[in-house]
Each structure stands twice: as C-alpha cells, then as structure tokens.
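What follows is one structure encoded as structure tokens, with my remarks underneath.
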Amino acid sequence: MWTATAHAFTAIVGSGILALPWSVAQLGWILGPFFLVLFAVITYYIAVLLCDCYRTPDP
C-alpha cells in the first residue's frame, strides 16, 4: 500500500515540480506566490473533503 501511494505521489507531483519555476517566473513576484498559496489552500480543502468522504459511510 505504501509503495503504491509513493508511486502515485511521485507521478502526480513530479511533473508539477518541473513546471513550477517557469510558471512562477511568468506570473511575477506578486502573483506567483499568491497563486501558490491559493492552490495550496484549494488542495488542502479537497484533501479534507476526501477524508470526510472516507470516514462517513454512504448516506
């Protein structure tokens, strides 16, 4: 289970990490960090929703 999770994580994060410097450079010093934080908050919210779905049985 842990190996599958690690492979899925590296597949998802790996390509995003390579494109991150270019996208921040295109956005600039103000909008780059702003959008990084914005998408981090959105990702956290989605993770919380997925955890709630996992813990709550079907209605």
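Backbone N, Cα and C atoms are what each Cβ position is placed from, and that goes for glycine too.
A TrEMBL annotation is a machine prediction, not a hand-curated record.
Here TrEMBL flags 1-57 as domain 'Amino acid transporter transmembrane'. Secondary structure counts, DSSP: the domain 'Amino acid transporter transmembrane' (1-57) has 54 helix, 0 strand, 3 coil.
Here the transmembrane segment (29-51) has Cβ contacts under 8 Å with residues 23 of the same chain, all six or more residues outside its ends. Taken from TrEMBL, the feature transmembrane segment covers 29-51.
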